Amino acid sequence: MSSSHTVTVSMDVEAGQKNKDKKGISQDLILAYKTLGVVFGGLVTSPLYVYPSMNLTNPTEEDYLGIYSIMFWTLTLIGVVKYICIALNADDHGEGGTFAMYSLLCQHANIGILPSKKIYTEEENLISNQPVVAGRPGRLRRFIESSIIARRLLLLTAILGMCMLIGDGILTPAISVLSAIDGLRGPFPSVSKPAVEGLSAAILVGLFLLQKYGTSKVSFMFSPIMAAWTFATPVIGVYSIWRYYPGIFKAMSPHYIVRFFMTNQTRGWQLLGGTVLCITGAEAMFADLGHFSKRSIQIAFMSSIYPSLVLTYAGQTAYLINNVDDFSDGFYKFVPRPVYWPMFIIATLAAIVASQSLISATFSVIKQSVVLDYFPRVKVVHTSKDKEGEVYSPETNYMLMLLCVGVILGFGDGKDIGNAFGVVVILVMLITTILLTLVMLIIWGTHVVLVALYLVPFLLLEATYVSAVCTKILRGGWVPFAVSVALAAVMFGWYYGRQRKTEYEAANKVTLERLGELLSGPGLRRVPGLCFFYSNRQDGGWLTPVLAHYIRNMRSLHEVTVFLTLRYLLVAKVDGKDRVQAVRRLGPAGVYGCTIQYGYADAIDFEEDDIAGQVVGALRERVVDGEEEGERVEAARAAGVVHVRGKMRFHVGKDTRLFDRVLLGFYELLHGACRSALPALGIPLQQRVEIGMLYKA
C-alpha cells in the first residue's frame, strides 16, 4: 500500500515537472515571437542602410567579398559569441544593460558610491541570489574597492554606457524610417526630399504616441511585421545568390578580410565606419532583457535573426558584385521588380518596428537610473501586470520624439545620418566588454586565461571599430555624442547634489537624544493619526535635520510617528518578505523607525502594496509591548494616515565657491523641474505633506 502510494506521488511529481517544462518552453516561444517586434527591429533592418552609408569608390568584386566577410564575422563574434553566449548571462535578476552589470558588481564587491545599496534582513545579513566565488577576490577587486578614483571611473563608465544607448536611440528610428521611405524615390524620382522627410517624421510621431499602451500590446502588433521581414529578405537574398553569384559564401573565409585591408589599407579602415552598422541594434537585445527573458532572446536570434541577416547580406553582396555601382541604393536595387512594392510596404512597416527596440531599451535604463537616484525623477508607468520590467516614461518618450524628428529635419537624408550613426553604438559595446570582463573576474571567478581569450579579441575588434567611427564625428557623429555627454552631465549634476545633501544631513543630524528634547519641549502637541516621516538616514541612531525644522515650526507631532527610510537597492527585485525591515522603537512614546526596501526593477506603489498595513503589522509583531500599545497603533491608523517628506533646497549665494555655484545651481534647476517623490510612490494626494527647508551651500 505504501509502495503504491510512493509510486503514485513520484509519477505525479514527474508529470507536474513535465507540465511545468512544457509551459516554460511554450512561454519562451511566445516571448521569442514577441521579441521580433521589440528587441531586434534595429538589428534586422540594418540592410536598409549599411551599403548606402558606405563611401565606396570604384568597388571591385574583391572589395565586396572582403566587406561581406567583415560583416559576417562581426555578426558572428559580437552578435552570437559576445551577446547571445556570454553577455545575456550577466543579468541582474532578469535586467540587462551596462547599468545592470554595474549594479551586479556593486552587490558582490564594495565598489558602489552611494550608501544603502544592500538588501538586509532583520539580522542584517546580506541576501544575494547570485553565487559569490569564495576566496577569489583577487588583486583587481581589492584595488577597485580601495581606490575611490577607480570606483568613480567605474560609475562614470556605466553612466556613459547608459547615456550612449539613449543617444543611439535617437538615430535608430530616424535612419530606419528615412531609409525605408526613401524607396519611394526609385520609381517616382519626382518625390522631393522634403516630402520624404515630412512623411518619415509623421510616422515616427505616430509610433511615439503608441508607446503609452505598453510594450506587450505594441510588440503583439509589430511581431507579425518583423516575422514577414525576417522571412522575405533572406528569401530574396537566396534568389539573388542563385541568380548573380552562387559562390558568395566563400567570403566566410577570414582571408578575404586580410586581402581587403592589404588592397585598400587606410581606405579599408575608413570603410569600417560603414560595416559597423551591420551590428547596430545588437546592444538593445541586452538592454531589453528586462522586457522579455534570456532564453526567448536566444531562441529568436539563433533561429531567425542571425540566419536572416547572413542570407540577406549575402544576397545584397551577390547583386552588387554584378552591379558594382548600385551600392548607394543597395537595398531597393537588389529587390526584384515584381515584388518591389510589397517589399516597400514591409520595409516601411519594419522600419517603424526597428525604432521600438531602442525606445524600449531607453525606458528600461532610465527607470533603473531613476530608482537608484542617479537621474532626476521622471514619471515611470508599469504597463504590464505580468512583466515588471515593462515600463513607459512619458517625459522620456516625448523628449525622444522631439529629438528624432529634429534629426530627420536636420540631416534630411538616410545616407547623411549613416555618417553620424555607429559612433556611440560601438562605444556602448566596448563599455559592455569592459564591464563583462569585470563580472567574469569578480563574480563568476572565471580563469584568467579564459578571460583573456574573451577580452583580447573583442577589445581589438571593437577598439579598431572605435578608431574608424571617430572619423565620422565631424560629419554628424557629434549629434548622438553630444546628447550622450549632455545626459551624463545631468546624471553627474544630480549625483553631486545628492551627495552634498547627504553630507549636510550628516553634519546637522538629529540624534535620538535631541529628538527626546524636542518632543519634551513646552507647547508641543501630539495630534491623532499615523504619520510616516521620511528620513534619508537612520544609520547610527540619527535622523534627518528636516525633522527638527518641522517640530520647531509646527509645534506638533502625530500620536504615532514612524520614521521611514526608503532604501533603493542595486538589485533588480526585493522579495516581499524582506520589504519592511529594521522595525524598532526610537525612544519617546509612539515613535518608531523602519526601512522599506525596493529593487530598481520593482513596481513601487505604497497604496497597492498596503505599506501602512505592512508596517503596522510589523510593529505589532516585532516591537509593540502589550495589547494597549497595539490598540493605540491601530487607532492611530484608523484616525488617518499622513506622509510627511522634507524638501531640502540649496541656497546658492554670492559667497559660494564657483564650482559649487555652477553644479548646485544646475542641481536646483533639475530638482525644481523633476517630479515630487511622494506621487512616484503611489501615495494618495490627500495624504501628502511636504516641508521645505533651505540649506546655505
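Placement of Cβ uses the backbone N, Cα and C atoms for every residue, glycine included.
Placement of H382 and L474 with respect to the membrane, taken from Swiss-Prot, is on opposing sides. At the 8 Å Cβ threshold, with sequence separation of at least 6, the transmembrane segment (153-173) comes into contact with the transmembrane segment (339-359) through 3 or more pairs. Between the glycosylation sites N55, N264, N264 has the most other Cβ atoms inside 10 Å of its own Cβ, all protein chains included. Among residues of the same chain six or more beyond the transmembrane segment (423-443), those with a C-beta under 8 A of the stretch's C-beta atoms are 78, 82, 86-87, 90, 98, 101-102, 104-105, 108-109, 130, 132-133, 137-138, 140-141, 154, 157-158, 160-161, 164-165, 167-168, 276, 279-280, 282-283, 286, 450-451, 454-455, 458-459, 462-463, 465-466, 469-470, 472-473, 477, 480-481, 484.
Assigned with DSSP, the residues of the topological domain 'Extracellular' (322-338) fall into helix, strand and coil as follows: 9 helix, 0 strand, 8 coil. The stretch from 67-87, 190-210, 218-238, 339-359 that makes the most Cβ contacts under 8 Å with the transmembrane segment (30-50) is 218-238. Touching of the transmembrane segment (448-468) and the transmembrane segment (67-87) is concluded from the presence of at least three CB pairs under 8 A, sequence neighbours closer than 6 excluded.
Distance noted between the C-alpha atoms of N264 (N-linked glycosylation site) and N55 (N-linked glycosylation site) is 13 Å.
The topological domain 'Cytoplasmic' (444-447): residue composition by secondary structure is 1 helix, 0 strand, 3 coil, according to DSSP. If you count C-beta pairs under 8 angstroms between the transmembrane segment (67-87) and each of 190-210, 272-292, 301-321, 339-359, 476-496, the highest count goes to 272-292.
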